[in-house]
Amino acid sequence: MATTTSRAAFEAVFPTLAEDLLAHAKKYNLPENAVKWFEQVLNVNVPGGKLNRGLSVPDTGIALLQKPLTDEQFKHLSILGWLTELLQAFFLVSDDMMDSSITRRGQPCWYRHPGVGLIAINDAFMLESGIYVILKKHFRSHPAYVDFLELFHETTWQTELGQLCDLITAPEDKVDLDNFSMEKYMFIVTYKTAYYSFYLPVALALLYLELATPENLQQTHDILIPLGQYFQVQDDYLDAYGDPAVIGKIGTDIQDNKCSWLINQALQRCNTEQRKLLDTAYGRKDSELEAKVKALYKELDLEKVYKEYEEKTVGEIRRKIAAIDESQGLKKEVFEAFLGKIYKRTK
């Protein structure tokens, strides 16, 4: 039996959801040019990414049931998966404006498309609101309807808290490494990434299959939040040490003054001389200064520090997975699949 969802089958669900949203907009007699605009917003920003979060919802359903999904289960879990992708699109459209980013998924960021600009702010709002339009249409009579609503609201709030902390800790135009700390870093990655990327998809599948007991949700939380933290540390490591040809992007964390895992490790380990170098070279739009920071990372042997962190963290996560209580329908396979996808990844 297939233990993962086919990407093509998952992608085939999206056009019907886009149609649902456009039909809903038309109920308000929205002028045709605005309907066309919204259609473009949906098609440019929602599909086309890696779809990891979205695919995780039906994949989790398969792992929980230990058998193929019925057509209805597949459709519903895929819709919930696409709602995580709508949420992601809302965050990314907004985030790219806040960061003045240039490209996203190899294309110009949405706000940089001709004629879009600041209209992208309202477009982001509409992507978020679309989540609740779809939830109502497809899940209004599901026993977990209110739980779905609360989970999306709570996850959105958590992600925004993480984003706030990120934006004020590391503004691109003002470098102050005294602002950085491992505590702030862990807060940012936990709230900005771990909840919506890891906890949300599994919690949605548990709710849909009516397996979301307090114990199951707690166990899910206690494994997936550390897993999400590890994923982000890995991302930060790959930004400096990964191969751009493999990752598909050139790392910019050093020049962007990011409060990353590597700079926090460097700050904990550097001497006075090295700290001076970091203060003058970090967060500057200058590739020679960036190269100096990377050379200092090498001097401090941060690659070894990362490898030790990885083995220790993955060991702890594996122990937690092994200790899962499956008596209420939770399955170890759910978490083994997540770990398998990210352990020692190169992109």
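If you go along the chain as it appears here, the first residue is 1 and each next one adds 1.
Keep in mind that glycine also has a Cβ here, set from the backbone N, Cα and C atoms.
In this view, ARG53 (isopentenyl diphosphate binding site) is surrounded by 21 other Cβ atoms within 10 Å of its Cβ, with every protein chain counted. The isopentenyl diphosphate binding site annotation in Swiss-Prot covers LYS50, ARG53, GLN88, ARG105 and is backed by similarity to another entry.
Under DSSP, ASP95 (Mg(2+) 2 binding site) is assigned to a helix (H, G or I) in the three-state scheme. The feature Mg(2+) 2 binding site is assigned by Swiss-Prot to ASP95, ASP99, with similarity to another entry given as support.
Feature annotation from Swiss-Prot assigns Mg(2+) 1 binding site to ASP95, ASP99. Just so you know, the Cβ of ASP99 (Mg(2+) 2 binding site) picks up 15 other Cβ atoms within 10 Å once every protein chain is counted.
Non-local contacts of LYS258 (dimethylallyl diphosphate binding site) by the CB criterion (under 8 A, 6+ apart in sequence, same chain) comprise ALA170, ASP236, ASP239, THR252. Per Swiss-Prot, the feature dimethylallyl diphosphate binding site maps to ARG104, LYS192, THR193, GLN232, LYS249, LYS258; the stated evidence is similarity to another entry.
The isopentenyl diphosphate-binding residues named in the record, LYS50, ARG53, GLN88, ARG105, extend over a maximum Cα to Cα distance of 16 Å. What surrounds the isopentenyl diphosphate site, by Cβ distance within 8 Å of the Cβ centroid and not counting LYS50, ARG53, GLN88, ARG105, is the set GLY49, LEU51, ASN52, GLY54, GLU85, LEU92 from the same chain. Within 10 Å of the C-beta of GLN88 (isopentenyl diphosphate binding site) we count 23 further C-beta atoms, all protein chains included. Once Cβ contacts within 10 Å are tallied over all protein chains shown, the binding-site residues LYS50, ARG104, ARG105, LYS192 are led by LYS192.
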